[in-house]
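Q: Here's a structure for you.
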Amino acid sequence: MIPRSHSSLQATWQQQLKQSAISASELVERLQLPVEMIGQLEKASSGFPLRVPDNFLQRIQPGNLSDPLLKQVLPDLAELEHFPGFSNDPLDEQHQSTPSGLLHKYPSRVLLVVTGACPVHCRYCFRRHFPYQQQQMGKQGIEKCLKYIEQHPEINEVILSGGDPLSAPDRLLSDISSRLDQIPHLKRLRIHSRFPVMIPDRINDSLLQWIGHSRLKPVMVLHINHANEINQDLTDACERLKRAGVLLLNQTVLLKGVNDSSEQLCQLSETLFNVSVQPYYLHLLDKVAGAGHFEVSQTNAINLMHQLLEKLPGFLVPKLVREVAGVTSKLPIDLNL
Ligand code: SF4
């Protein structure tokens with residue numbers, strides 16, 4: 001059953017964003033966690049601040065430190081430990097952007113970093129050390145990026161990324177979208193966002209207006225790691241996007257203590273199917289410093305994939321992939337290793 005959340009119908013998405021929990025004491029109070037945790041949460045979040053919107057908090061069982069949704073957003077002292085092989089920029093992205101705000105990692109696709117802001121701070125985020133402030137695009141920055149795209153006919157798809165691109169106002173996104181519309185070699189506009197999960201009211205009329213009127217085929221890649229994230233508000237947001245002609249895909253990060261069992265992954269795929277979202281990628285964790293405690297080994301991931309293949313129809317089995325610095329596409333993991 002899909003649990004119903006109780007997000008305020010009056011508050012706009014911007015107001016909901018402002019009402020997010022951003023301090024250890026707020027999080028402890030709202031989730032009825034032990035007050036003694038406040039000190040350690042503050043220490044653990046010193047390098048990457050805490051941020052969780054209310055709608056997501058409502059899906060977490062109060063007082064349950066093992067809740068798989070809580071684990072994704074709860075600062076942990078393990079973030080301060082050093083894990084061999086983990087670094088601040090595991091995908092070497094800080095040396096790839098040309099011009100500022102644009103990542104041209106794949107020949108036919110570019111990533112446009114519209115904003116560094118996110119509605120949530122996922123503790124395992126591979127961009128937790130990314131210098132977003134240097135990647136913020138002003139008007140001139142956008143012009144430079146659009147010019148670059150115009151001059152590269154091999155690009156057929158633009159991926160709006162961030163941070164979370166839907167943190168940007170619709171006025172800006174609509175302008176970018178209509179400028180991209182006019183570049184003849186482009187075919188698709190892809191948006192990577194956790195907003196439909198975190199603040200489903202972000203999928204409002206003004207967003208649907210520019211997305212639905214683009215000449216480019218719109219694709220939205222959601223980021224959902226556990227079936228408990230899929231509540232009625234998210235279901236309704238997916239329905240609105242679908243009605244606007246948006247193809248909905250999902251990517252999941254395989255995370256220890258969150259979704260590293262075949263039962264949880266099967267339930268996630270089944271629930272995604274119920275809301276018309278196609279399971280797309282299951283990512284091995286990017287080895288970013290501060291996230292080592294979330295790592296699931298490749299061997300265990302392959303075992304899980306074999307179980308998924310037995311339990312699910314093929315179209316509900318996501319592809320197991322990892323990203324490697326300097327490699328121009330995601331690497332599918334060979335399940336026969
Ligand atoms: S929403 Fe995405 S970019 Fe933002 S913190 Fe989470 S994983 Fe990172």
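Positions of Cβ are set from backbone N, Cα and C atoms, glycine also.
So TrEMBL lists the following for this protein:
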BINDING   Cys118, Cys122, Cys125  [4Fe-4S] cluster binding site
DOMAIN    104-316  domain 'Radical SAM core'
MOD_RES   Lys330  N6-(pyridoxal phosphate)lysine
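Explain the structural surroundings of these features, please.
A: Counting Cβ atoms from all protein chains shown, Cys125 ([4Fe-4S] cluster binding site) has 20 others lying within 10 Å of its own Cβ. Following the DSSP three-state reduction, the secondary structure of Cys125 ([4Fe-4S] cluster binding site) is coil.
In three-state terms derived from DSSP, Lys330 (N6-(pyridoxal phosphate)lysine) belongs to neither a helical nor a strand segment and is classed as coil.
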Q: Could you state the CA-to-CA distance between Cys122 ([4Fe-4S] cluster binding site) and Lys330 (N6-(pyridoxal phosphate)lysine) to the nearest Å?
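A: About 21 Å separates the two Cα atoms.
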Q: Tell me the Cβ neighbour count for Cys122 ([4Fe-4S] cluster binding site), meaning other Cβ atoms within 10 Å of its Cβ, over all protein chains shown.
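A: Excluding its own Cβ, the number within 10 Å is 22.
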Q: Please compute the mean pLDDT of the model over the domain 'Radical SAM core' (104-316).
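A: Its mean pLDDT is 95.
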Q: What is the interatomic distance between the Cα atoms of Cys125 ([4Fe-4S] cluster binding site) and Lys330 (N6-(pyridoxal phosphate)lysine), given in whole Å?
A: 17
Q: Counting only residues 6+ apart in the same chain, whose Cβ is under 8 Å from the Cβ of Lys330 (N6-(pyridoxal phosphate)lysine)?
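A: Those within reach of Lys330 (N6-(pyridoxal phosphate)lysine), by Cβ under 8 Å and sequence separation of 6 or more, are Tyr281, His283, Val321, Arg322, Glu323.
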